[in-house]
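The structure appears below as C-alpha coordinates.
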Amino acid sequence: MEKQLTGTLALAVFTAALGSLQMGYSLGVINAPQKVIERHYARSLGVYNEELARRERGNTTEHEEPTDATVVMYWSLSVATFSIGGMVSSFLVSFVSDIRGRIKGMLFINVLAITAGLLMGLAKMGTPYLMVIAGRAIMGLYCGLSSGLVPLYIGEISPVKYRGAMGALHQLAIVIGILISQVIGLDFLLGNDDMWHVLLGLSGAPAILQSLLLLVCPESPRYLYIKLGKVEEACKSLKRLKGDYDTSKDIAEMQAEKEEVMNEAQMSILRLLRSSVYRQQLFVALMMHLSQQFSGINAIFYYSTSIFQTAGVGQPVYATIGMGVINIIFTLVSVMLVDRAGRRTLTMVGLGGMCCCAVAMTVGMVFQDVYSWMSYLSMAAIFLFVSFFEIGPGPIPWFIVAEIFSQGPRPAAIALAGCCNWTCNFIVGMFFPYLEGLCGNYVFVIFAVLLFGFTVFTYMRVPETKGKTFEEITAVFHHKRGAPPSKPQEEAEMVQLKSSTEA
(Lines of atoms letter the chains of each structure in order from A and count residues from 1; the text may use other names and numbers.)
(Lines give C-alpha, C1' and ligand atoms only; values in the text may rest on other atoms or scores of the structure.)
Protein backbone atom coordinates (compact mmCIF):
# COMPACT_ATOMS: atom_id res chain seq x y z
CA MET A 1 0.00 0.00 0.00
CA GLU A 2 1.27 3.50 -0.89
CA LYS A 3 2.15 5.44 2.25
CA GLN A 4 2.46 8.81 0.41
CA LEU A 5 4.46 10.42 3.24
CA THR A 6 7.60 8.62 4.41
CA GLY A 7 10.74 9.50 6.32
CA THR A 8 12.79 9.37 3.13
CA LEU A 9 10.44 11.76 1.36
CA ALA A 10 10.58 14.18 4.32
CA LEU A 11 14.37 13.96 4.38
CA ALA A 12 14.62 14.56 0.62
CA VAL A 13 12.34 17.63 0.76
CA PHE A 14 14.13 19.01 3.83
CA THR A 15 17.52 18.51 2.20
CA ALA A 16 16.48 20.27 -1.00
CA ALA A 17 14.92 23.12 1.00
CA LEU A 18 18.28 23.79 2.67
CA GLY A 19 19.25 25.38 -0.66
CA SER A 20 16.26 27.72 -0.33
CA LEU A 21 17.19 28.57 3.27
CA GLN A 22 20.67 29.46 2.07
CA MET A 23 19.16 31.68 -0.61
CA GLY A 24 17.00 33.49 1.97
CA TYR A 25 19.98 33.99 4.28
CA SER A 26 22.01 35.45 1.41
CA LEU A 27 19.15 37.79 0.47
CA GLY A 28 18.84 39.22 3.99
CA VAL A 29 22.35 39.08 5.41
CA ILE A 30 23.80 42.08 3.57
CA ASN A 31 21.38 44.69 4.99
CA ALA A 32 21.96 44.72 8.76
CA PRO A 33 25.75 45.30 8.82
CA GLN A 34 25.81 47.87 5.98
CA LYS A 35 27.48 50.71 7.93
CA VAL A 36 29.98 48.34 9.52
CA ILE A 37 31.02 46.91 6.16
CA GLU A 38 31.21 50.37 4.60
CA ARG A 39 33.67 51.42 7.34
CA HIS A 40 35.91 48.46 6.51
CA TYR A 41 35.69 49.30 2.81
CA ALA A 42 36.72 52.90 3.62
CA ARG A 43 39.67 51.77 5.73
CA SER A 44 40.82 49.40 3.00
CA LEU A 45 40.55 52.18 0.40
CA GLY A 46 42.33 54.68 2.64
CA VAL A 47 39.46 57.16 2.74
CA TYR A 48 38.30 56.66 6.34
CA ASN A 49 39.04 59.40 8.88
CA GLU A 50 38.55 58.14 12.44
CA GLU A 51 38.52 61.60 14.06
CA LEU A 52 36.10 63.07 11.49
CA ALA A 53 33.78 60.07 11.88
CA ARG A 54 33.72 60.55 15.68
CA ARG A 55 32.89 64.26 15.31
CA GLU A 56 30.15 63.52 12.78
CA ARG A 57 28.65 60.86 15.03
CA GLY A 58 28.52 63.42 17.83
CA ASN A 59 26.70 65.97 15.66
CA THR A 60 24.01 63.79 14.06
CA THR A 61 20.94 62.23 15.55
CA GLU A 62 20.83 59.36 13.08
CA HIS A 63 24.39 58.09 13.72
CA GLU A 64 25.13 58.21 10.00
CA GLU A 65 28.76 58.60 9.01
CA PRO A 66 30.09 60.48 6.01
CA THR A 67 30.49 58.05 3.11
CA ASP A 68 32.96 58.45 0.28
CA ALA A 69 31.62 58.09 -3.27
CA THR A 70 34.04 55.22 -3.95
CA VAL A 71 32.75 53.36 -0.88
CA VAL A 72 29.17 53.87 -2.08
CA MET A 73 30.10 52.45 -5.48
CA TYR A 74 31.71 49.34 -4.00
CA TRP A 75 28.80 48.86 -1.59
CA SER A 76 26.32 49.10 -4.46
CA LEU A 77 28.33 46.49 -6.36
CA SER A 78 28.26 44.24 -3.27
CA VAL A 79 24.46 44.33 -3.37
CA ALA A 80 23.90 44.35 -7.14
CA THR A 81 26.30 41.54 -8.15
CA PHE A 82 24.17 39.07 -6.20
CA SER A 83 21.13 39.72 -8.40
CA ILE A 84 23.25 39.82 -11.56
CA GLY A 85 24.74 36.43 -10.67
CA GLY A 86 21.23 35.03 -10.21
CA MET A 87 20.08 36.44 -13.55
CA VAL A 88 23.00 34.85 -15.40
CA SER A 89 22.98 31.41 -13.78
CA SER A 90 19.20 30.92 -13.92
CA PHE A 91 19.62 30.29 -17.67
CA LEU A 92 21.78 27.25 -16.81
CA VAL A 93 19.17 25.43 -14.69
CA SER A 94 18.05 23.30 -17.63
CA PHE A 95 21.63 22.28 -18.49
CA VAL A 96 22.69 21.48 -14.90
CA SER A 97 19.50 19.57 -14.01
CA ASP A 98 19.54 17.36 -17.11
CA ILE A 99 23.21 16.62 -17.65
CA ARG A 100 23.77 14.71 -14.38
CA GLY A 101 20.39 14.70 -12.64
CA ARG A 102 18.73 16.72 -9.90
CA ILE A 103 20.75 15.32 -6.96
CA LYS A 104 24.17 15.62 -8.59
CA GLY A 105 23.18 19.04 -9.91
CA MET A 106 22.49 20.30 -6.36
CA LEU A 107 25.75 18.71 -5.17
CA PHE A 108 27.71 20.40 -7.95
CA ILE A 109 26.40 23.92 -7.29
CA ASN A 110 27.22 23.64 -3.57
CA VAL A 111 30.85 24.11 -4.61
CA LEU A 112 29.85 27.65 -5.60
CA ALA A 113 28.16 28.32 -2.24
CA ILE A 114 31.08 27.04 -0.18
CA THR A 115 33.56 29.03 -2.28
CA ALA A 116 31.48 32.18 -1.84
CA GLY A 117 31.21 31.61 1.92
CA LEU A 118 34.98 31.22 2.24
CA LEU A 119 35.68 34.38 0.23
CA MET A 120 33.37 36.47 2.42
CA GLY A 121 34.36 34.76 5.65
CA LEU A 122 38.05 35.53 5.04
CA ALA A 123 37.41 39.08 3.76
CA LYS A 124 39.13 40.77 6.74
CA MET A 125 42.35 38.92 5.92
CA GLY A 126 42.50 40.30 2.38
CA THR A 127 40.95 43.20 0.49
CA PRO A 128 37.43 43.36 1.98
CA TYR A 129 35.57 45.08 -0.87
CA LEU A 130 36.99 42.80 -3.58
CA MET A 131 36.44 39.58 -1.61
CA VAL A 132 32.89 40.50 -0.58
CA ILE A 133 31.92 41.55 -4.12
CA ALA A 134 33.41 38.33 -5.56
CA GLY A 135 31.72 36.25 -2.86
CA ARG A 136 28.33 37.88 -3.43
CA ALA A 137 28.61 37.39 -7.21
CA ILE A 138 29.44 33.68 -6.80
CA MET A 139 26.65 33.29 -4.22
CA GLY A 140 24.29 34.90 -6.73
CA LEU A 141 25.33 32.29 -9.30
CA TYR A 142 24.53 29.58 -6.74
CA CYS A 143 21.14 31.06 -5.80
CA GLY A 144 20.08 31.46 -9.43
CA LEU A 145 20.67 27.75 -10.00
CA SER A 146 19.23 26.71 -6.64
CA SER A 147 16.01 28.70 -7.17
CA GLY A 148 15.33 26.49 -10.20
CA LEU A 149 16.71 23.12 -9.06
CA VAL A 150 14.99 23.03 -5.65
CA PRO A 151 11.36 23.55 -6.87
CA LEU A 152 12.06 21.21 -9.81
CA TYR A 153 13.24 18.35 -7.57
CA ILE A 154 10.55 18.85 -4.91
CA GLY A 155 7.82 19.06 -7.57
CA GLU A 156 8.94 15.82 -9.20
CA ILE A 157 9.19 13.72 -6.02
CA SER A 158 6.04 15.01 -4.25
CA PRO A 159 2.78 12.99 -4.26
CA VAL A 160 0.00 14.77 -6.17
CA LYS A 161 -2.03 15.16 -2.96
CA TYR A 162 0.74 17.10 -1.19
CA ARG A 163 2.55 18.70 -4.13
CA GLY A 164 1.34 22.22 -3.35
CA ALA A 165 2.26 22.10 0.33
CA MET A 166 5.70 20.68 -0.39
CA GLY A 167 6.25 23.18 -3.18
CA ALA A 168 5.46 26.03 -0.77
CA LEU A 169 8.26 24.80 1.52
CA HIS A 170 10.72 26.44 -0.90
CA GLN A 171 9.33 29.89 0.00
CA LEU A 172 9.05 28.93 3.69
CA ALA A 173 12.75 28.05 3.77
CA ILE A 174 13.60 31.36 2.06
CA VAL A 175 11.74 33.46 4.68
CA ILE A 176 13.25 31.42 7.53
CA GLY A 177 16.69 32.13 6.05
CA ILE A 178 15.90 35.85 5.84
CA LEU A 179 14.76 35.91 9.49
CA ILE A 180 17.87 34.03 10.68
CA SER A 181 20.10 36.54 8.90
CA GLN A 182 18.18 39.46 10.45
CA VAL A 183 18.43 38.05 13.98
CA ILE A 184 22.11 37.06 14.00
CA GLY A 185 22.91 40.28 12.11
CA LEU A 186 22.00 42.37 15.17
CA ASP A 187 24.97 44.43 16.33
CA PHE A 188 25.32 42.61 19.67
CA LEU A 189 25.56 39.23 17.88
CA LEU A 190 27.46 39.15 14.57
CA GLY A 191 26.57 42.48 12.92
CA ASN A 192 29.53 44.37 14.41
CA ASP A 193 33.12 45.37 13.56
CA ASP A 194 34.61 42.16 14.91
CA MET A 195 32.23 39.54 13.49
CA TRP A 196 30.68 40.92 10.28
CA HIS A 197 32.88 38.69 8.10
CA VAL A 198 31.68 35.61 10.02
CA LEU A 199 28.07 36.74 9.46
CA LEU A 200 28.67 36.87 5.68
CA GLY A 201 30.76 33.69 5.66
CA LEU A 202 27.94 31.68 7.23
CA SER A 203 26.10 32.09 3.91
CA GLY A 204 27.87 28.93 2.72
CA ALA A 205 27.26 26.85 5.87
CA PRO A 206 23.95 25.19 4.79
CA ALA A 207 25.69 23.91 1.63
CA ILE A 208 27.97 21.71 3.73
CA LEU A 209 25.04 20.05 5.54
CA GLN A 210 23.07 19.72 2.31
CA SER A 211 26.01 18.06 0.52
CA LEU A 212 26.20 15.38 3.23
CA LEU A 213 22.44 14.72 3.21
CA LEU A 214 22.16 14.64 -0.60
CA LEU A 215 24.33 11.51 -0.59
CA VAL A 216 21.46 9.52 0.95
CA CYS A 217 18.57 11.14 -0.98
CA PRO A 218 16.95 9.30 -3.91
CA GLU A 219 17.10 10.74 -7.43
CA SER A 220 13.88 12.00 -8.98
CA PRO A 221 11.92 8.97 -10.33
CA ARG A 222 10.65 11.10 -13.23
CA TYR A 223 14.20 11.96 -14.25
CA LEU A 224 15.30 8.31 -14.00
CA TYR A 225 12.35 6.96 -15.99
CA ILE A 226 11.61 9.68 -18.53
CA LYS A 227 15.06 11.12 -19.15
CA LEU A 228 17.28 8.04 -18.65
CA GLY A 229 14.81 5.19 -19.27
CA LYS A 230 15.93 3.32 -16.11
CA VAL A 231 12.71 1.54 -15.12
CA GLU A 232 14.08 -0.51 -12.21
CA GLU A 233 15.90 2.42 -10.64
CA ALA A 234 12.78 4.57 -10.99
CA CYS A 235 10.71 1.89 -9.19
CA LYS A 236 13.30 1.68 -6.40
CA SER A 237 13.27 5.45 -6.04
CA LEU A 238 9.45 5.51 -5.89
CA LYS A 239 9.43 2.86 -3.17
CA ARG A 240 12.07 4.72 -1.16
CA LEU A 241 10.00 7.90 -1.38
CA LYS A 242 6.49 6.46 -0.89
CA GLY A 243 6.99 3.10 0.86
CA ASP A 244 6.65 -0.49 -0.36
CA TYR A 245 3.66 -0.32 -2.73
CA ASP A 246 2.51 -1.20 -6.24
CA THR A 247 4.26 1.35 -8.45
CA SER A 248 2.34 0.43 -11.62
CA LYS A 249 0.00 3.45 -11.45
CA ASP A 250 2.89 5.93 -11.13
CA ILE A 251 4.89 4.12 -13.80
CA ALA A 252 1.89 4.24 -16.16
CA GLU A 253 1.53 7.99 -15.60
CA MET A 254 5.26 8.52 -16.25
CA GLN A 255 5.06 6.31 -19.35
CA ALA A 256 2.26 8.49 -20.74
CA GLU A 257 4.37 11.57 -20.06
CA LYS A 258 7.41 9.90 -21.62
CA GLU A 259 5.49 9.17 -24.80
CA GLU A 260 4.54 12.84 -24.99
CA VAL A 261 8.16 13.82 -24.35
CA MET A 262 9.28 11.56 -27.22
CA ASN A 263 6.96 13.56 -29.49
CA GLU A 264 7.92 16.98 -28.16
CA ALA A 265 11.68 16.42 -27.69
CA GLN A 266 13.93 18.19 -25.22
CA MET A 267 13.44 21.92 -25.68
CA SER A 268 15.94 24.72 -25.37
CA ILE A 269 14.92 28.13 -24.05
CA LEU A 270 14.95 29.61 -27.55
CA ARG A 271 12.71 26.84 -28.96
CA LEU A 272 10.34 27.19 -26.02
CA LEU A 273 10.00 30.90 -26.75
CA ARG A 274 9.24 30.18 -30.40
CA SER A 275 6.83 27.28 -29.85
CA SER A 276 3.12 28.08 -30.16
CA VAL A 277 2.25 24.81 -28.40
CA TYR A 278 3.45 26.06 -24.99
CA ARG A 279 2.72 29.77 -25.42
CA GLN A 280 -0.21 29.72 -22.98
CA GLN A 281 1.75 27.96 -20.23
CA LEU A 282 4.79 30.19 -20.72
CA PHE A 283 2.71 33.36 -20.61
CA VAL A 284 1.08 32.26 -17.33
CA ALA A 285 4.44 31.21 -15.83
CA LEU A 286 6.17 34.50 -16.63
CA MET A 287 3.21 36.60 -15.47
CA MET A 288 3.14 34.73 -12.14
CA HIS A 289 6.79 35.64 -11.55
CA LEU A 290 6.24 39.21 -12.74
CA SER A 291 3.37 39.53 -10.25
CA GLN A 292 5.62 38.32 -7.44
CA GLN A 293 8.41 40.84 -8.03
CA PHE A 294 6.38 43.80 -9.32
CA SER A 295 3.92 43.49 -6.44
CA GLY A 296 6.14 45.90 -4.49
CA ILE A 297 7.20 43.44 -1.79
CA ASN A 298 10.89 44.38 -2.04
CA ALA A 299 9.93 48.06 -2.03
CA ILE A 300 8.01 47.44 1.18
CA PHE A 301 11.11 46.07 2.87
CA TYR A 302 13.06 49.05 1.54
CA TYR A 303 10.52 51.60 2.82
CA SER A 304 9.41 50.00 6.08
CA THR A 305 12.17 51.39 8.32
CA SER A 306 11.25 55.05 7.65
CA ILE A 307 7.55 54.31 8.22
CA PHE A 308 8.32 52.57 11.51
CA GLN A 309 10.49 55.55 12.55
CA THR A 310 7.66 57.97 11.73
CA ALA A 311 5.27 55.87 13.83
CA GLY A 312 7.59 56.33 16.81
CA VAL A 313 9.19 52.88 16.90
CA GLY A 314 12.45 53.34 18.81
CA GLN A 315 14.24 50.39 17.21
CA PRO A 316 12.97 49.91 13.65
CA VAL A 317 15.25 46.89 13.20
CA TYR A 318 13.10 44.94 15.65
CA ALA A 319 9.96 45.89 13.73
CA THR A 320 11.68 44.56 10.60
CA ILE A 321 12.39 41.29 12.45
CA GLY A 322 8.71 41.25 13.41
CA MET A 323 7.90 41.39 9.70
CA GLY A 324 10.20 38.38 9.24
CA VAL A 325 8.20 36.46 11.85
CA ILE A 326 4.94 37.36 10.04
CA ASN A 327 6.57 36.12 6.82
CA ILE A 328 7.08 32.69 8.37
CA ILE A 329 3.64 32.48 10.02
CA PHE A 330 1.71 33.24 6.84
CA THR A 331 3.92 31.06 4.66
CA LEU A 332 2.97 28.23 7.04
CA VAL A 333 -0.67 29.22 6.50
CA SER A 334 -0.08 28.91 2.76
CA VAL A 335 1.52 25.46 3.23
CA MET A 336 -1.60 24.30 5.07
CA LEU A 337 -4.12 25.84 2.66
CA VAL A 338 -2.56 25.49 -0.80
CA ASP A 339 -3.76 21.90 -1.36
CA ARG A 340 -7.21 22.70 0.05
CA ALA A 341 -8.09 26.17 -1.24
CA GLY A 342 -6.04 25.82 -4.42
CA ARG A 343 -3.25 27.78 -6.11
CA ARG A 344 -5.48 30.08 -8.15
CA THR A 345 -7.71 31.08 -5.22
CA LEU A 346 -4.81 31.85 -2.86
CA THR A 347 -3.00 33.85 -5.54
CA MET A 348 -6.10 35.98 -6.22
CA VAL A 349 -6.74 36.53 -2.50
CA GLY A 350 -3.10 37.47 -1.96
CA LEU A 351 -2.83 39.88 -4.90
CA GLY A 352 -6.22 41.48 -4.16
CA GLY A 353 -5.35 41.92 -0.49
CA MET A 354 -1.99 43.46 -1.37
CA CYS A 355 -3.73 45.90 -3.74
CA CYS A 356 -6.01 47.11 -0.92
CA CYS A 357 -3.04 47.39 1.47
CA ALA A 358 -1.06 49.44 -1.08
CA VAL A 359 -3.98 51.90 -1.26
CA ALA A 360 -4.24 52.03 2.56
CA MET A 361 -0.50 52.58 2.84
CA THR A 362 -0.66 55.49 0.39
CA VAL A 363 -3.52 57.11 2.34
CA GLY A 364 -1.57 56.67 5.59
CA MET A 365 1.62 58.21 4.22
CA VAL A 366 -0.13 61.15 2.52
CA PHE A 367 -2.08 62.16 5.64
CA GLN A 368 0.39 61.18 8.39
CA ASP A 369 1.48 64.83 8.81
CA VAL A 370 -2.15 65.90 9.22
CA TYR A 371 -3.36 63.06 11.46
CA SER A 372 -0.71 61.44 13.66
CA TRP A 373 -2.64 58.17 13.87
CA MET A 374 -2.30 57.71 10.09
CA SER A 375 1.25 56.42 10.59
CA TYR A 376 -0.23 53.46 12.45
CA LEU A 377 -2.51 52.80 9.47
CA SER A 378 0.66 52.63 7.35
CA MET A 379 2.24 50.19 9.82
CA ALA A 380 -0.83 47.95 9.82
CA ALA A 381 -0.94 48.07 6.02
CA ILE A 382 2.71 46.97 5.82
CA PHE A 383 2.15 43.95 8.07
CA LEU A 384 -1.00 42.95 6.18
CA PHE A 385 0.74 43.50 2.82
CA VAL A 386 3.48 41.03 3.82
CA SER A 387 0.86 38.58 5.14
CA PHE A 388 -1.13 38.57 1.88
CA PHE A 389 2.10 38.16 -0.11
CA GLU A 390 3.09 35.00 1.76
CA ILE A 391 -0.39 33.46 1.43
CA GLY A 392 -0.14 33.15 -2.35
CA PRO A 393 2.01 35.41 -4.57
CA GLY A 394 5.17 34.57 -2.59
CA PRO A 395 5.35 30.75 -2.63
CA ILE A 396 3.10 29.70 -5.53
CA PRO A 397 5.01 31.05 -8.58
CA TRP A 398 8.08 29.01 -7.59
CA PHE A 399 6.40 25.61 -7.91
CA ILE A 400 3.51 26.22 -10.30
CA VAL A 401 5.93 26.41 -13.26
CA ALA A 402 6.98 22.81 -12.59
CA GLU A 403 3.29 21.83 -12.49
CA ILE A 404 2.09 23.39 -15.75
CA PHE A 405 4.87 22.05 -18.00
CA SER A 406 5.53 18.43 -18.95
CA GLN A 407 8.97 16.82 -18.65
CA GLY A 408 10.34 17.94 -22.03
CA PRO A 409 10.02 21.74 -21.73
CA ARG A 410 9.97 21.85 -17.88
CA PRO A 411 13.68 22.59 -17.22
CA ALA A 412 13.78 25.30 -19.91
CA ALA A 413 10.56 26.85 -18.57
CA ILE A 414 11.90 26.91 -15.00
CA ALA A 415 15.14 28.50 -16.24
CA LEU A 416 13.25 31.18 -18.15
CA ALA A 417 10.87 31.92 -15.26
CA GLY A 418 13.81 32.08 -12.84
CA CYS A 419 15.65 34.54 -15.05
CA CYS A 420 12.49 36.66 -15.29
CA ASN A 421 12.19 36.64 -11.48
CA TRP A 422 15.82 37.62 -10.86
CA THR A 423 15.74 40.32 -13.55
CA CYS A 424 12.59 41.89 -12.05
CA ASN A 425 14.17 41.69 -8.59
CA PHE A 426 17.19 43.60 -9.90
CA ILE A 427 15.01 46.22 -11.65
CA VAL A 428 12.94 46.92 -8.52
CA GLY A 429 16.05 47.08 -6.31
CA MET A 430 17.83 49.46 -8.67
CA PHE A 431 15.02 51.83 -9.65
CA PHE A 432 12.62 51.97 -6.69
CA PRO A 433 14.67 54.64 -4.83
CA TYR A 434 14.49 56.88 -7.92
CA LEU A 435 10.77 56.14 -8.33
CA GLU A 436 10.16 56.97 -4.69
CA GLY A 437 12.05 60.25 -5.09
CA LEU A 438 9.91 61.12 -8.11
CA CYS A 439 6.49 60.10 -6.73
CA GLY A 440 7.00 60.66 -3.01
CA ASN A 441 4.16 59.38 -0.84
CA TYR A 442 2.18 58.30 -3.91
CA VAL A 443 4.76 55.71 -5.03
CA PHE A 444 2.62 52.73 -3.94
CA VAL A 445 -0.24 53.85 -6.22
CA ILE A 446 1.87 52.38 -9.05
CA PHE A 447 2.05 49.01 -7.29
CA ALA A 448 -1.68 49.15 -6.47
CA VAL A 449 -2.47 49.52 -10.19
CA LEU A 450 -0.09 46.68 -11.10
CA LEU A 451 -1.56 44.43 -8.39
CA PHE A 452 -5.09 45.09 -9.64
CA GLY A 453 -4.00 44.09 -13.15
CA PHE A 454 -2.27 40.93 -11.89
CA THR A 455 -5.41 39.97 -9.91
CA VAL A 456 -7.60 40.31 -13.02
CA PHE A 457 -5.07 38.31 -15.06
CA THR A 458 -5.04 35.48 -12.50
CA TYR A 459 -8.84 35.33 -12.54
CA MET A 460 -9.01 35.31 -16.35
CA ARG A 461 -6.04 33.18 -17.40
CA VAL A 462 -4.57 31.03 -14.59
CA PRO A 463 -6.16 27.55 -14.26
CA GLU A 464 -6.43 25.62 -11.00
CA THR A 465 -3.78 22.87 -10.77
CA LYS A 466 -4.74 21.48 -7.34
CA GLY A 467 -4.94 17.68 -7.30
CA LYS A 468 -4.24 17.29 -11.03
CA THR A 469 -1.51 15.17 -12.62
CA PHE A 470 0.98 16.78 -14.99
CA GLU A 471 -0.91 15.27 -17.93
CA GLU A 472 -4.27 16.64 -16.75
CA ILE A 473 -2.80 20.14 -16.31
CA THR A 474 -1.33 20.05 -19.82
CA ALA A 475 -4.74 19.00 -21.17
CA VAL A 476 -6.36 22.01 -19.45
CA PHE A 477 -4.07 24.39 -21.33
CA HIS A 478 -4.70 22.64 -24.63
CA HIS A 479 -8.44 22.95 -23.98
CA LYS A 480 -8.18 26.63 -22.96
CA ARG A 481 -6.30 27.63 -26.10
CA GLY A 482 -8.67 30.03 -27.88
CA ALA A 483 -7.80 29.06 -31.46
CA PRO A 484 -5.77 25.90 -31.27
CA PRO A 485 -3.87 24.69 -34.29
CA SER A 486 -5.19 21.60 -35.95
CA LYS A 487 -3.75 18.29 -34.81
CA PRO A 488 -1.66 17.85 -37.96
CA GLN A 489 -0.25 21.38 -37.54
CA GLU A 490 0.64 20.72 -33.91
CA GLU A 491 2.23 17.36 -34.72
CA ALA A 492 4.18 18.97 -37.57
CA GLU A 493 5.61 21.56 -35.16
CA MET A 494 6.53 18.82 -32.68
CA VAL A 495 8.29 16.82 -35.41
CA GLN A 496 10.14 19.92 -36.55
CA LEU A 497 11.28 20.67 -32.99
CA LYS A 498 12.38 17.08 -32.48
CA SER A 499 14.30 16.86 -35.74
CA SER A 500 16.10 20.14 -35.07
CA THR A 501 17.03 18.89 -31.58
CA GLU A 502 18.42 15.64 -32.96
CA ALA A 503 20.37 17.57 -35.58
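Any Cβ shown, glycine's included, is placed from N, Cα and C.
All annotation found in TrEMBL is predicted automatically rather than curated by experts.
Annotated domain 'Major facilitator superfamily (MFS) profile' per TrEMBL: 12-466, in sequence order. Among the features that TrEMBL reports, transmembrane segment is placed at 72-93, 105-123, 129-154, 166-190, 196-217, 282-305, 317-338, 345-367, 373-391, 412-435, 441-460. The region 'Disordered' feature in TrEMBL is assigned to 481-503.
Listed as Cβ neighbours of the transmembrane segment (412-435) (distance under 8 Å, sequence separation of 6 or more from its ends, same chain) are residues 79-80, 83-84, 86-87, 90-94, 144, 147-148, 151-152, 267-269, 271-273, 278, 281-282, 285-286, 288-290, 292-294, 296, 298-299, 302, 397, 401-402, 405, 443, 446. Outside the transmembrane segment (441-460) by six or more residues, the chain places 287, 290-291, 294-296, 299, 303, 344, 347-348, 351-352, 354-355, 358-359, 361-362, 365-366, 393, 432, 435 with a CB less than 8 A from a CB of the stretch. Mean pLDDT for the domain 'Major facilitator superfamily (MFS) profile' (12-466) in the predicted structure: 86.
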